[in-house]
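Here's what Swiss-Prot has on this protein:
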DOMAIN    1-190  domain 'tr-type G'
BINDING   1-7, 62-66, 117-120  GTP binding site
BINDING   T7  Mg(2+) binding site
Amino acid sequence: HVDHGKTTLTAAITKVMSLKGAAQFMAYDQIDNAPEERARGITIAIRHVEYQTDKRHYAHVDCPGHADYIKNMITGAAQMDGAILVVSAPDGPMPQTREHILLARQVQVPAIVVFLNKVDMMDDPELLELVELELRELLSKYGFPGDEIPIVRGTARNALESPSKDINAPEYKCILELMNAVDEYIPTPQRAVDQPFLMPIEDVFGIKGRGTVVTGRIERGKVKVGDTVEIVGMTNDAPRRTVVTGVEMFQKTLDEGIAGDNVGCLLRGIERTDVERGQVLCAPGSIKPHKKFEAQVYVLKKEEGGRHTPFFSGYRPQFYIRTTDVTGAIGLPAGMEMVMPGDNVVMTIELIVPVAIEEGLRFAIREGGRTVGAGVVTKILD
């Protein structure tokens, strides 16, 4: 929630970790004056900091404004493997706290650790217990394991303002406890390269005498010559299976391509007309084509280059999914008349053609090539 101390905590973490030589200290105003970035056509003020514990290296993001947080979570500008929920003890959970927990659930943040801030302002230990209880209930209500989530108590400002260079100074204890909780409780994510193969197809070429080559950047997993793969999406037909007979990168032949590589894959028995941009090449059965899904969507304000007017159920924009635009119709929840620019809503979307989709997939909503919103798939409906 605004003023609960997210930015103070971020600065305090970099300070304490810098005493261990495991981070570069970043002052409050450096974080607060966050640079703007673009993600899926949306501008977001976002500050990245990094630090190292004994166990892991962390990339941590902080956003100055509430709207920036929402945009960051929905666009997935920063991939989140976990989150620190900062709550001011004297204030307790506030409406934005609920919204953040709900969004974290919707966009599939795997784990949350809580930092209960400003506890020095609480004289009554029973009140502190109540705030903690309320938080655990709130987390459970939105599908997180409220009973087992670590809640670390402390005062970020005291850690930030302390003159001490001794990492064992009492005012730093809460920050070290928090880092320990993050290390122990937030699971290590599976690396992209260890997940099933998937490459969004960006381009298709016919090569005389050799067959059809599809190019793109491998999103996850790996591919090697001889692998059986599927071509999924952009058609009502079942996915086609084929065999990769060559993998190339910058005109060089490779044994295999891995997540992050830009490659060309030569496909056996596939005509130039059988494949198109917007389809994906993937490990068989690893992703299915769908038309209908539920999504959490942020609609751009007019000042952000979005629409100037609301839209209603039945609105048919383009959905930019991975590499291409697909037309679809929007359905609003019961009782919701319309969506205003700047709103953050759950909606159902039905595309005119099935596309390779899974929960957690990010997309942009466009109108005549201009981004008017961003969303994340929260539930497949067909």
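Every residue gets a Cβ built from N, Cα and C, even glycine.
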Inset, instruction - If we count other C-beta atoms within 10 Å, could you say which of the binding-site residues C63, V119 has the fewest? - result: V119
Inset, instruction - Look at the binding-site residues T7, N117 and tell me which residue has the greatest number of other C-beta atoms within 10 angstroms of its C-beta. - result: N117
Legend entry - Lowest local Cβ density among G5, G65, which the record lists as binding-site residues, within 10 Å: G65
Inset, instruction - Using a 10 Å cut-off, grab the number of neighbouring Cβ atoms around the Cβ of D3 (GTP binding site), all chains included. - result: 11
Legend entry - DSSP-derived class (H/G/I helix, E/B strand, else coil) of N117 (GTP binding site): strand
Legend entry - Mean of the pLDDT scores, which run from 0 to 100, over the domain 'tr-type G' (1-190): 93
